[in-house]
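Heads up, the thing below is written out as C-alpha cells.
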Amino acid sequence: MITLNNQDQPVPFNSSHPDEYKIAALVFYSCIFIIGLFVNITALWVFSCTTKKRTTVTIYMMNVALVDLIFIMTLPFRMFYYAKDEWPFGEYFCQILGALTVFYPSIALWLLAFISADRYMAIVQPKYAKELKNTCKAVLACVGVWIMTLTTTTPLLLLYKDPDKDSTPATCLKISDIIYLKAVNVLNLTRLTFFFLIPLFIMIGCYLVIIHNLLHGRTSKLKPKVKEKSIRIIITLLVQVLVCFMPFHICFAFLMLGTGENSYNPWGAFTTFLMNLSTCLDVILYYIVSKQFQARVISVMLYRNYLRSMRRKSFRSGSLRSLSNINSEML
C-alpha cells in the first residue's frame, strides 16, 4: 500500500496500530461517550428549553453542546472499528466520519473565540452591555461559522479516498488519527490558518486586553459577580484551548510538513485523545454560565444521595427486622 507525501511522491503506507493503542482507544472513547453524551444532552436541553432569558453566551453554548453531540455520536463507530479491525459501513460513511473529525475542532475553536469576544464586551466595554442581549447577531455569527466550516470540510468527502479501501477486511484509515488527514496541503494549510490561528489570536487578544483592564482598575463600574463569572469563563477557555486544541494542531502542523513514512504516530494519537477530551471539559463552561445547569447537576447529585440514604435505611431496617425475628424465635 502507498499514499502520497507533501511532494506528491509515493511513500510506504502502514495502517497497523499497536494493540495497546486499540485497548486505550476503546477505554478512552467509551468514557468520553458516556460522560459526554449525558453532559451535552443535559446542556442542550437546559439552554434550549429551560433557560428563560437567552443571551449571546447561551446561544454560543447551545451550539457548543450541539457540535459536541454530533462528534460524540461518531465515537461508537470508531470503537467498533478498533475492536473488530474492519469497517463494514462503507466508503462514503468513512469519508463522512473523516470530515467530522476535521469539522469538530474547526467549529469548536470559533465558538470559543465568540465566547471570548463576548466576555471582552462584558468587561472592557460595559457600555455596550445591551449588545450581549442581542441574540440575533449571535445566531447569525453561529450560522456563518457552520456554513463556513461545512464548506471547507465537505471537499474532504470528494478529494481523496481511503488508500486501503479494496482490502479485506475493509478499513477506514481516515478516522484512526490525524496522520491520515494530511494529504491535501492547500486545504489543510487553510484549515490550520483560518480555523486555528485566527480564532486563537482573537482569544489571546481578548484575554490580553481584559487582563490589562483588570490590572489597571478600569473595570470598577462592573458588578463583582459579572467580573468574577467572566474571569472564570476566560480561565476555563484558556485551559481548554491549551490542553485540548493546541497540542492537536501543533502535532498536525508537524505531520503536515513532514515527509516521512505514513504510519502509526503516538503523538498524533495522544493529541487526538486530548482533542476529544474537550467534549467532556465543556461541562465546566456549562456549569459556570448557566444557573439552570448548576441546578440540574446539583439535583442529580442530591437524588443520588437520596437513593443511597434510602438504600442504607432499608438495609438497616431489614437488619433490625432479621435480628428481632431471631430474638423472637430464641424466646
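Positions of Cβ are set from backbone N, Cα and C atoms, glycine also.
Record features (Swiss-Prot):
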TOPO_DOM  1-26  topological domain 'Extracellular'
CARBOHYD  Asn14  N-linked glycosylation site
TRANSMEM  27-47  transmembrane segment
TOPO_DOM  48-56  topological domain 'Cytoplasmic'
TRANSMEM  57-77  transmembrane segment
TOPO_DOM  78-95  topological domain 'Extracellular'
DISULFID  Cys94-Cys172  disulfide bond
TRANSMEM  96-116  transmembrane segment
TOPO_DOM  117-138  topological domain 'Cytoplasmic'
TRANSMEM  139-159  transmembrane segment
TOPO_DOM  160-191  topological domain 'Extracellular'
TRANSMEM  192-212  transmembrane segment
TOPO_DOM  213-232  topological domain 'Cytoplasmic'
TRANSMEM  233-253  transmembrane segment
TOPO_DOM  254-268  topological domain 'Extracellular'
TRANSMEM  269-289  transmembrane segment
TOPO_DOM  290-331  topological domain 'Cytoplasmic'
MOD_RES   Ser322  phosphoserine
Quiz prompt | Proximity of the transmembrane segment (96-116) to the transmembrane segment (27-47), 3+ C-beta pairs under 8 angstroms | solution = no
Quiz item: Are the transmembrane segment (269-289) and the transmembrane segment (57-77) close, by which I mean at least 3 Cβ pairs under 8 Å that are 6+ residues apart in sequence?
Solution: yes
Self-check item: Chain residues in Cβ proximity to the topological domain 'Cytoplasmic' (117-138) (below 8 Å; excluding those fewer than six residues from its ends, i.e. six or more beyond)
Solution: 54-57, 59-60, 202, 206, 209-210, 213-214, 218-219, 221-222, 226-227, 230, 233-234
Self-check item: Counts by DSSP class (helix H/G/I, strand E/B, coil) across the topological domain 'Extracellular' (78-95)
Solution: 12 helix, 0 strand, 6 coil
Self-check item: Cβ-Cβ under 8 Å with the transmembrane segment (27-47): same-chain residues at least 6 beyond its ends
Solution: 54, 58, 61-62, 64-66, 68-69, 72, 75-76, 78-79, 82, 273, 276-277, 279-280, 282-283, 286, 290, 292-293, 296-297
Self-check item: Helix, strand and coil totals (DSSP H, G, I; E, B; other) for the topological domain 'Cytoplasmic' (48-56)
Solution: 4 helix, 0 strand, 5 coil
Quiz prompt | Structural state of Cys172 (disulfide bond), classified by DSSP into three states | solution = coil
